[in-house]
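Feature list (source: TrEMBL):
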type	residues	note
DOMAIN	22-72	domain 'NXPE C-terminal'
DOMAIN	253-734	domain 'Cas1p 10 TM acyl transferase'
TRANSMEM	273-291	transmembrane segment
TRANSMEM	325-343	transmembrane segment
TRANSMEM	355-375	transmembrane segment
TRANSMEM	395-416	transmembrane segment
TRANSMEM	446-466	transmembrane segment
TRANSMEM	473-495	transmembrane segment
TRANSMEM	507-526	transmembrane segment
TRANSMEM	561-579	transmembrane segment
TRANSMEM	599-617	transmembrane segment
TRANSMEM	659-680	transmembrane segment
TRANSMEM	692-711	transmembrane segment
TRANSMEM	731-750	transmembrane segment
Amino acid sequence: FKGGDTCEYLLSSGRFLGEKVWQPHSCMMHKYKNSEAKNCLIDKHVVFIGDSRIRQLFYSFIKLINPQVKEEGIKHGNIPFEDKSASIKVDFLWYPEVNGSMRQRIKSWTEGSVAKPHIIVVGAATWSIKIHNGSNEALAQYKINITSIAPLLEKLAISSDVYWVLQDPVYEDMLSESRKMITNEKIDAYNEAAVRILNSSSRNSKAKVKVFSVSKLIAQETIMKSADGLHLPESSRDTNAMILMNVYCNKIMKPIDGSCCQPQPPLTLIQKIAFCFFTLSIFGYLIISLIHRNNYRKNKSCTDLESGEEKKPAISTPNVSTLEMLLHCFCKLGLIMTYFYLCDRANLFMKENKFYTHSSFFIPIVYILVLGVFYTENTKETKVLNREQTDEWKGWMQLVILIYHISGASTFLPVYMHIRVLVAAYLFQTGYGHFSYFWIKGDFGVYRVCQVLFRLNFLVVVLCIVMDRPYQFYYFVPLVTVWFMIIYATLAVWPQIVQKKANGNCLWHFGLLLKLICLLTCIYFLSYSQGAFEKIFSFWPLSKCFEMNGNVYEWWFRWKLDRYVVFHGMLFAFIYLALQKHQMISEGKGDPLFSNRVSNVLLFISIVSFLAYSIWASSCKNKTECNELHPSVSVVQILAFILIRNIPGYVRSVYSSFFAWFGKISLELFICQYHIWLAADTKGILVLIPGYPMFNVLVSTFIFVCVAHEISQITNDLAQIVVPKDNSTLLKRLLCIAGFFSGLHFFSAMQDQSRH
């Protein structure tokens with residue numbers, strides 16, 4: 001930890017990821033769009049002063065505002081640019097040497113009531129080397145001139161952003177004869193003089209000229225691609241312009257994936273209250289633990305004075321009280337949430353941009369698959385989609401999704417489409433699992449509903465408070481929560497049709513199918529009626545949960561993307577349980593699911609369907625078009641996988657304990673990755689150990705998995721306390737929870753008011 005000013009890192013250090021992606025040291029750089037650049041620079045005046053290299057930077061900068069600009073200005077003259085729609089003025093002033101003329105222009109901005117530019121970018125030296133044939137006298141005069149200009153620049157830096165661009169190296173072999181005197185040795189001498197003189201007299205940190213030295217590092221890697229050995233290739237100067245935009249605009253626009261130059265966000269009122277609560281929980285737990293320990297020591301052993309032997313106390317160690325367990329859970333959770341905050345809200349740990357390569361995605365995939373196969377064990381039961389098998393399925397899918405996120409593979413469309421199937425498979429399991437439970441058990445009690453809702457939402461609610469994020473930000477949890485409630489409402493509404501009732505009269509099966517058809521009709525209607533969908537979820541208090549950036553479009557998009565797959569899961573569960581009831585499938589150990597002929601035919605069709613979907617997904621050219629087809633066709637690969645995994649008796653009788661272990665904490669892994677494995681709300685990568693990417697991933701992954709496992713245990717422990725089986729106690733707890741959310745809403749409203 002070297003301090004919170006990531007601007008210095010952005011301006012001075014970094015490396016290339018691949019050939020064109022620049023990664024600043026310790027922070028993330030946002031790629032600004034034209035609209036964002038205009039919003040940032042509205043009513044601003046920017047000035048570039050210097051030679052042809054600065055002119056290149058000027059053109060790259062204004063192309064961020066207007067990409068249609070062509071480099072048609074006078075080569076050795078001033079070039080104005082204005083965007084009237086946003087009142088932005090950007091000027092290039094031709095001053096190829098640091099001399100009296102440049103000093104006079106800069107001095108004019110420091111005098112009287114002359115309007116000062118908001119951003120000033122200055123740099124020059126190669127003309128001085130060229131005109132004076134690289135003489136030492138020219139260097140001495142350069143030092144004198146910079147010494148006279150430096151106080152003026154420092155004075156301007158009090159109210160404006162002033163950048164001095166150091167000279168880039170040249171590719172000496174490509175220089176023309178008239179430029180042969182411009183050597184890298186001379187350039188280094190001029191740069192050294194500029195760095196030593198600038199800011200030497202300034203004691204005020206606000207009056208510092210920012211030295212733009214990162215351009216040198218970029219040029220060292222790319223100058224070989226220069227057309228003349230002097231001027232940078234277009235991609236390099238575009239990178240410099242983007243760095244300049246990040247330095248100035250990040251603190252104004254506050255992009256999530258632009259951590260460079262962003263100050264640490266202030267603690268909100270709700271975060272302060274949460275901090276106080278967790279602190280009190282930690283102290284409370286320590287006090288109770290000390291009291292219990294002292295009592296235990298007093299009763300631990302008593303010496304019989306006559307025999308001289310120790311006697312064990314008649315009273316055993318007292319059971320842990322509900323209060324102590326509650327404080328213990330909140331104590332651990334408080335420490336974990338502190339780690340979350342330090343990782344992704346405080347400017348303590350470094351963050352880096354993702355960069356996708358095929359090897360960074362596929363090599364870890366192969367590695368975990370080999371590990372998963374190595375840890376193969378026999379299942380306790382051999383039913384289709386038994387508990388071990390579904391845990392295994394969740395586990396390997398979650399690991400693949402994690403690798404997909406950290407490698408930035410969303411930029412590769414075939415991988416993106418296959419990952420969409422994995423997300424759909426989670427929702428398929430939601431439909432299958434909850435339908436099976438309600439259909440077989442017939443338990444529609446409040447206790448069951450509260451248990452499921454608590455386990456799904458506890459971690460996300462805590463993160464919304466601690467990390468100051470909306471509920472919809474963790475989109476998967478709202479998705480499975482809403483679908484659980486839809487499944488519950490579909491089956492619980494009159495007439496309640498369960499397996500026990502349907503076994504007495506086959507007509508009830510048709511009644512259930514009618515319910516499912518009604519559900520499908522509603523899904524179809526809402527998916528093609530965005531207005532109706534938004535009206536439903538725009539009512540308070542639903543709007544507080546599902547709005548993001550002031551509207552529910554993001555929620556509608558996420559819901560629509562996998563709208564049919566939960567229905568498919570419910571329908572599959574109904575058909576499977578019906579076949580099982582009528583003994584039309586064989587689930588004995590080692591037995592194929594159907595007769596040999598039927599099993600072989602279904603297995604062949606499943607393999608062909610699985611591969612056909614993969615071929616289609618791999619041939620996708622347009623993400624929007626493929627997303628439109630995805631809700632209808634994703635079930636093909638899901639069903640194909642289920643049949644391939646369950647038709648052969650041996651395959652159904654074994655499972656991977658490695659994957660199943662991860663499957664048991666898959667929800668926690670999915671949510672925790674947002675802040676303590678990835679960074680900047682999943683946009684980047686958390687860097688605990690800079691300079692060693694592989695070692696960093698190993699360490700951060702180990703901590704991340706341990707934290708997810710611990711949170712899973714905390715959630716299970718708290719679920720037993722917060723959601724008791726006794727109805728009267730449960731009602732009291734629900735009233736307390738309602739009061740908690742009312743208070744949360746009150747403080748949230750206060751926060752919003754203070755922000756406005």
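Placement of Cβ uses the backbone N, Cα and C atoms for every residue, glycine included.
In TrEMBL, annotation is done automatically, which means it is predicted and not curated.
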DSSP-derived helix, strand and coil totals, residue by residue, for the domain 'NXPE C-terminal' (22-72): 22 helix, 9 strand, 20 coil
Interface check, the transmembrane segment (473-495) with the transmembrane segment (659-680), three or more C-beta pairs under 8 A: yes
Ranked first among 395-416, 561-579, 659-680, 692-711 for CB pairs under 8 angstroms with the transmembrane segment (446-466): 659-680
Outside the transmembrane segment (731-750), six or more residues from its ends: residues with CB under 8 Å to it: 269-270, 273, 450, 465, 541, 544, 722-724
